[in-house]
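Worksheet: one structure, shown below.
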Amino acid sequence: MNIHEYQGKDILKKFGVSVPRGIVAFSPDEAKQAAQQLFEEQGSPVVVVKAQIHAGGRGKAGGVKLAKSPDEAMEIARQMLGATLVTHQTGPEGKQVSRLLVEEGMNIDREFYVGITLDRSTSRNVLMVSTEGGMEIEKVAEETPDKLLKIQVDPLYGLQGFQAREAAFFLGLEGEQFRNAVTFIIALYNAYMTIDASLAEINPLVVTKEGRVLALDAKINFDGNALFRHKNFLELRDTNEEDPFEVEASKSNLNYVRLDGNVGCMVNGAGLAMATMDMIQLAGGRPANFLDVGGGASPETVEEGFKIILSDKNVRAILVNIFGGIVRCDRVAGGIIQAARKIGLNLPVIVRLEGTNAEIAQKMLDESGLNLIAANGLHDAAAKVNQALAAG
């Protein structure tokens, strides 16, 4: 689960991570009041007005601007709120701005990158620091790997002081700046672990000319599987920033990711779902979604899955690919029949069922009187999907 920058900073601040003073605003008047308060309290010559969306690249897209007065902050807010911000991460459709973060300006000396995430290749958390602050870390790793330091963290011992010092030394910091950076990195790691985050990224981490070390931007992603331990964080979810189909699917405990193809997929199991999408692509089609109905698929979840798939107007055919291990194929078949009759499926539906009660399921489909295309194996299913698309 992703959250906004200002929400992430509020959480990090509780763990001792230094962040600039900021106030969230939902209207131009609130932005003016926030700026006035910051000018009076902080004595900064400028404030920064930042669009709050779940995407990076806001600065280049005009979503981060300086204001030298409360009135200027209000005018910037008028322009930003309700506008659609298009960045390299939003796609061409962009994201609408509904809230702003008004923040004190910083007297920046240097910018760095600090991030913590899980390295799945080693099954360990990894601390990453770079001297190239403000840039995409993937680009830095590819083009200038010598400017990126990765430190593997032993899960039994956690981040050690010498590792935090190694990171600060790599950034070329000395004296008070060095000590502040070490404190910052340790606090960030403690926050990352305590809140069960999957990513804690500070880009940029800034060092001011006064020696302060602060998170100028913060991106926090939560591990969705651990949210049951942090139910208060669920209140931070902004569904307006998410795909509406994915939000609807989550209500039925369906794992759904929308893609830009024309073949709807309904599968049980993430591995089988990815293999199914690969086969569709190889056969000449394009998957329209990733939809995993899970191991406990019921007629109701299958019906809900069809509704979500059909809400995508780009879908021209549907492939149901179920391997009945935990789930019984006859229950899935019942859901397909129920959905077809209730919703009125008017698209080609190719069905491949293997495993527990597959014969019973196939008989149910054959006797349903519905126009469902049976497939024998994954290759055959993908081929029949392509034939259905070609036919029209």
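Note: Cβ is positioned from N, Cα and C throughout, glycine not excepted.
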Worksheet item: Say Swiss-Prot lists Gly325, Ile326, Val327 as binding substrate: which of Asn255, Asn262, Asn268, Asn386 is in the same site, per that record?
Response: Asn268
Item to complete: Look at the binding-site residues Glu103, Glu111, Asp217 and tell me which residue has the greatest number of other C-beta atoms within 10 angstroms of its C-beta.
Response: Glu103
Worksheet item: Counting Cβ atoms within 10 Å across all protein chains shown, which of the binding-site residues Met106, Ile326, Val327 comes out on top?
Response: Val327
Worksheet entry | Count of other CB atoms lying within 10 Å of the CB belonging to Asn268 (substrate binding site) | 25
Fill in: Lowest local Cβ density among Gly57, Gly59, Gly325, which the record lists as binding-site residues, within 10 Å
Gly325
Worksheet, complete the sentence: CA-CA within 10 A of Asn203 (Mg(2+) binding site), subset of binding-site residues Gly57, Arg58, Asn268 in residue order, equals none
Practice prompt. Find the shortest Cα-Cα separation between Ile326 (substrate binding site) and the binding-site residues Lys50, Glu103, Met106, and name the residue that gives it.
Written response: Lys50
Fill in: Pairwise CA distance, Glu111 (ATP binding site) versus Asp217 (Mg(2+) binding site), rounded so that it is a whole Å
11
